[in-house]
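*Asks:* The following block contains the structure, expressed as structure tokens.
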């Protein structure tokens, strides 16, 4: 290297031009995807284009557990509470996940309500036009039925109203950080302290 020139930092192979990724098919690919979506919508009519109904779940881990999103499927417990047989659920556009567990009553109740709302709005077409079975929708409902495009029953994230309060001297006197640190320490030493207390009790009995 000589003179006051820029030091090159391009780490290319000898024939790097042969491996350049091009995107000339992007507009055609966009059209193909659009046509495929339209064909699928026609094929699955009158079912919604967005696919089966999914539950509202909380994300995993400390980072995401405050956020709600759509899950894989409803639990057997939720279906039972909503009065929907597990074998019927997939046939009427409700996804099922036998592995998911309900860990809170609030989550269970919200998903049961979601199922009930869906069931109330549901229009069920008979398998054969001439043989109408119990549970199928009326001819009038069938005539007015339309295919739902895009998202249906979207998750509405409610903004919690915040109440402004004036800081009191009592509030200022409490150090929240110190309190959390103390409780963490207590939790960490709980086992050792319990063992020490048990050993001391044994010594006293001797």
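Each residue, glycine too, has its Cβ placed from N, Cα and C.
What Swiss-Prot shows for this protein is this:
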COMPBIAS  186-195  compositional bias 'Basic residues'
COMPBIAS  196-206  compositional bias 'Basic and acidic residues'
REGION    182-206  region 'Disordered'
*Asks:* Using a Cβ cut-off of under 8 Å, list the residues of the same chain at least 6 residues beyond the region 'Disordered' (182-206) that approach it.
*Replies:* none
*Asks:* Counting each residue once, how many in the region 'Disordered' (182-206) are helix, strand and coil under DSSP?
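*Replies:* DSSP classes over the region 'Disordered' (182-206) add up to 24 helix, 0 strand, 1 coil.
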